[in-house]
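Colleague: The structure is given below, and queries will be raised subsequently.
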């Protein structure tokens with residue numbers, strides 16, 4: 001039996017789909033860590049990105065910080081936080097949050113900055129308050145780019161959470177890391193396939209959200225090429 | 001600090017491996033994506049396929065790709081080739097899009113002038129379009145360079161030797177200094193590579209030098225407003 005058939009047999013085995021070490025449980029852990037990370041990172045990055053995009057204040061600082069954070073090695077930050085704060089759920093999550101802030105911040109900022117300035121001036125001329133401009137003009141118009149940024153960030157988190165198994169947490173990375181540890185190529189490859197399929201499925205789902213969440217006003221005015229840009233997907237490889 | 005001083009040759013060797021493992025994919029990726037991007041830009045159906053495939057590639061997490069590649073390529077799991085192929089695939093996925101975007105950003109008037117002067121497509125690409133595409137292309141290269149250097153260290157999890165070894169080893173030994181040295185060395189590599197790319201771009205685009213400023217990245221007819229998130233993130 002070659003490796004691929006063995007992997008197929010692994011997936012067909014009901015024992016791998018039940019219990020606390022089964023695929024559904026690991027998938028649940030993976031999604032839980034990802035949601036926790038995204039929630040915390042969004043709480044910091046989205047308001048900051050909106051503020052910087054709307055006022056233009058701190059633009060250079062925000063972009064420089066996002067760029068510098070992007071260069072941080074995932075594995076380095078994860079191991080650093082474990083050594084500093086100990087084993088458990090939160091230390092790796094904090095590391096993940098720090099790694100997730102740059103793409104979210106960049107996406108939010110880029111979305112708001114991409115809105116036509118004349119549109120904003122027109123809204124201001126109509127007597128809208130700054131808050132109204134942000135929520136009624138900038139946010140809806142920024143949505144395509146903004147959702148693209150969020151999509152990229154979500155995929156990065158899902159990819160990075162796979163590495164978290166290396167520091168004794170669960171998630172789908174568990175199969176991969178355990179397979180590596182006990183030299184079981186079948187479990188190793190099955191784990192890799194699960195992670196890849198999860199990423200592709202989430203990406204597809206977010207692409208659908210992106211398509212349906214567009215405000216009607218933007219749908220008609222966009223040319224084919226802009227639509228291509230919107231659907232182009234994430235802008236940097238996942239961790 | 002003391003640990004670093006005691007282990008300079010060890011760290012230097014890992015840094016050298018790390019640099020090699022991230023720069024080679026960058027060059028290979030560039031070599032593949034220039035012709036591929038040009039083809040994708042010329043032929044509409046090819047563009048659809050290339051852009052979809054590249055977006056799927058991007059989506060696959062690096063750790064999964066490192067493990068799936070040996071199965072596809074028939075290499076050993078510990079082979080550095082897996083890492084290099086994986087990073088090259090990511091580089092191609094990103095750079096192909098940069099090349100298409102860059103070619104799109106060139107003023108049609110320039111293209112028509114070149115044609116009127118008798119430039120054939122290949123010569124026009126090499127001597128007119130490519131130079132004008134450099135700023136957008138370099139923006140893409142800088143993103144690839146940073147992400148390659150950061151992703152390469154994940155390879156240490158599957159046993160590939162580079163600066164990532166300092167993280168896996170530091171974790172096993174609960175040794176903070178080693179991890180810190182790893183992080184700092186990775187950042188230094190990323191910064192050095194970025195500086196090299198910025199300098200190379202400057203040398204290759206002398207005509208932009210007199211008005212170097214915020215416009216320098218996008219000196220041609222601006223496309224309908226869509227600042228790349230990726231590009232925004234690397235703008236100094």
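Backbone N, Cα and C atoms are what each Cβ position is placed from, and that goes for glycine too.
Unlike curated records, TrEMBL annotations are generated automatically.
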Colleague: With TrEMBL as the source, which of A:122-143, A:188-209 is set down as transmembrane segment?
Modeller: A:188-209
Colleague: By Cβ distance under 8 Å, which residues at least 6 away from the ends of the transmembrane segment (A:31-53) in the same chain are close to it?
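Modeller: Same-chain contacts beyond the ends: 59, 62, 89, 92-93, 96-97, 100-102, 104-113, 134, 138-139, 142, 153-154, 157-158, 161, 164, 169-171.
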Colleague: Short question: most Cβ pairs under 8 Å with the transmembrane segment (A:93-115), which of A:60-87, A:145-168, A:188-209?
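Modeller: When the Cβ pairs under 8 Å are tallied, A:145-168 comes out ahead.
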